[in-house]
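In what follows, a single structure is set out as structure tokens and then discussed.
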Amino acid sequence: MGDKEIGSFPATPRTGSAAPTPPISAPPSQLHSPSLTRSPLLSTDDHIQPASKTPKSSTPRIRTPRFITPLGSPIRRALKLTRLDPHDAWLPITESRNGNAYYAAFHTLCSGIGIQALVLPVAFTFLGWSWGIITLTVAFIWQLYTLYLLVHLHESPETGMRYSRYLQLCNATFGEKLAKWFALFPILYLSAGTCITLIIIGAQSCRLFFNTVCGGTCSAQPPTNAEWYLIFTSAAVLLSQLPNLNSIAGVSLVGAITAIAYCTLIWVISVVEGRMPGVSYNPVKGRTEVIRIFDILNALGIIAFAFRGHNLILEIQATMPSDEKHPSRVPMWKGVKIAYTLVAMCLFPLAIAGYWAYGQMIPVDGGMLTALFAFHGQDTSQFLLGLTSLCVIISSLSSFQIYGMPAFDDMESLYVKKKKEPSPWWLRLIFRALFGYLCFFAAVAIPFLASFAGLIGGITLPVTLAYPCFMWVKVKKPKVYGPNWWLNWSLGLFGMALSGLLIVASTFLIIDNGVEFSFFNP
């Protein structure tokens with residue numbers, strides 16, 4: 001991908017007998033590109049050339065086409081022309097640009113709340129009450145600030161360019177070589193790796209739901225763990241046939257509702273049932289001072305891992321129309337504020353209530369969900385336990401769609417760029433089934449992936465907390481040594497340093513504590 005784009009209305013294709021298409025000029029204000037059809041505006045042979053400064057006497061006046069909105073500001077900027085990307089009208093992320101603030105809130109909320117939030121109390125067991133709450137609050141404010149930066153970096157009013165994918169913005173800012181070295185792997189993990197984790201968690205929740213509903217009353221033989229993985233993956237692949245990012249807005253809404261539901265059910269049930277006997281709130285201390293420091297760093301990685309979805313913000317914003325008077329950043333930021341208000345209402349009660357109820361007894365694997373079934377499986381309504389499991393399943397299926405969309409987009413772009421035509425429906429089906437079942441294979445091969453929350457948080461932390469700060473400095477060019485310049489450089493460098501420390505600490509603890517690597521044994 002990596003090409004920059006400027007949105008516009010798609011034009012009606014011309015017949016072969018028509019005269020050659022003249023050069024097209026596009027002002028930077030024209031960022032509105034709903035792409036209502038699957039026909040690109042330009043063929044690959046079309047070029048957009050800057051208008052030459054020719055005296056009025058020698059050139060007749062050219063009327064502005066109706067689809068180009070004139071600049072409304074009193075000071076008309078010199079037109080900076082760019083080439084339109086003819087492929088984006090055919091790709092899943094940018095195929096439809098009729099999104100709005102509500103769609104943005106649905107997608108952001110569905111991608112922002114996940115099962116990783118249920119292990120937040122585990123971080124508190126190493127940090128304690130005070131530092132746990134302080135760290136969680138600082139991390140929430142920091143990631144909300146970087147979200148703000150990304151929303152405002154999506155489009156450039158000066159050039160008219162829209163960066164519809166996180167990697168596109170990285171390429172434009174750092175260069176393709178540096179972007180591949182530092183951003184490609186974390187972004188790929190946040191897409192494919194998250195889908196693998198969702199298969200693992202979703203399949204485990206399917207098993208819990210079956211055992212809760214049937215219990216000892218069912219005579220049917222329950223599926224094996226691998227079969228549960230296959231059942232969940234098949235449902236996810238079936239749902240993934242929806243064509244583009246805008247078309248799954250309803251799926252994201254359902255996913256957001258069920259995510260809020262299971263988060264609320266888990267912490268409310270834990271509080272109602274009361275604290276466990278003998279609960280302790282003293283921070284866990286390692287055998288040596290070095291291990292204790294690494295435990296604290298690993299806890300920070302768990303908190304960082306709880307905030308995800310930054311790699312999808314530009315993609316979500318790309319589904320919106322935009323022009324100079326109504327830039328997409330306004331409804332997008334409105335949707336983000338709504339979504340993250342609800343995210344805070346889920347994450348903070350989960351962390352605080354979970355640590356209050358279980359203290360040091362909170363299970364490392366599965367966190368609050370495992371604790372709910374382990375400690376209250378017998379004295380809690382089976383209906384509530386079954387409902388909680390069902391909400392986790394539905395939320396995981398919904399999140400799979402939005403986290404898989406960048407991968408679908410990349411696969412289809414290979415065909416589109418080579419054939420210069422949209423992917424046929426049967427090829428789209430093959431691409432998405434291939435991705436889904438490759439994730440299934442990986443989930444069966446490494447079912448312990450969800451245990452590496454701290455390490456994964458360290459690897460993906462720069463995408464969330466560091467890179468947006470560097471990109472802001474490079475693109476917006478704030479005054480050197482000014483407050484904004486110092487703020488973003490400080491946050492970016494601190495984020496990169498913290499990421500390195502988290503990776504080292506988490507790797508050390510995995511080796512020191514030992515992890516059961518049960519390959520191909522889900």
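Each Cβ is built from the backbone N, Cα and C atoms, and glycine gets one as well.
All TrEMBL annotations are machine predictions without curation.
Copied over from TrEMBL, here are the features:
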COMPBIAS  27-43  compositional bias 'Low complexity'
COMPBIAS  51-61  compositional bias 'Polar residues'
DOMAIN    98-506  domain 'Amino acid transporter transmembrane'
TRANSMEM  101-124  transmembrane segment
TRANSMEM  131-151  transmembrane segment
TRANSMEM  181-201  transmembrane segment
TRANSMEM  248-270  transmembrane segment
TRANSMEM  338-358  transmembrane segment
TRANSMEM  383-404  transmembrane segment
TRANSMEM  425-446  transmembrane segment
TRANSMEM  452-473  transmembrane segment
TRANSMEM  485-511  transmembrane segment
Range from 248-270, 338-358, 425-446, 485-511 with most C-beta pairs under 8 A to the transmembrane segment (181-201):
425-446
Contact between the transmembrane segment (452-473) and the transmembrane segment (425-446) (3 or more Cβ pairs under 8 Å, separation 6+):
no
Which sequence positions outside the transmembrane segment (485-511), separated from its termini by at least 6 residues, show Cβ-Cβ distances below 8 Å to it?
142, 145-146, 149, 291, 293-295, 297-298, 300-301, 304, 452, 454-455, 457-459, 461-462, 465-467, 469-470, 472-473, 478-479
So what's near the transmembrane segment (101-124) in sequence-distant terms, Cβ-Cβ under 8 Å and 6+ beyond its ends?
132, 135-136, 194, 197-198, 201, 245-246, 249-253, 255-256, 259-260, 263, 266, 299-300, 302-303, 305-309, 312-313, 316-317, 319-320, 331-332, 334-336, 338-340, 342-343, 346-347, 350-351, 354-355, 358, 362, 364, 366-369, 392, 395-396, 398-399, 402-403, 450, 453
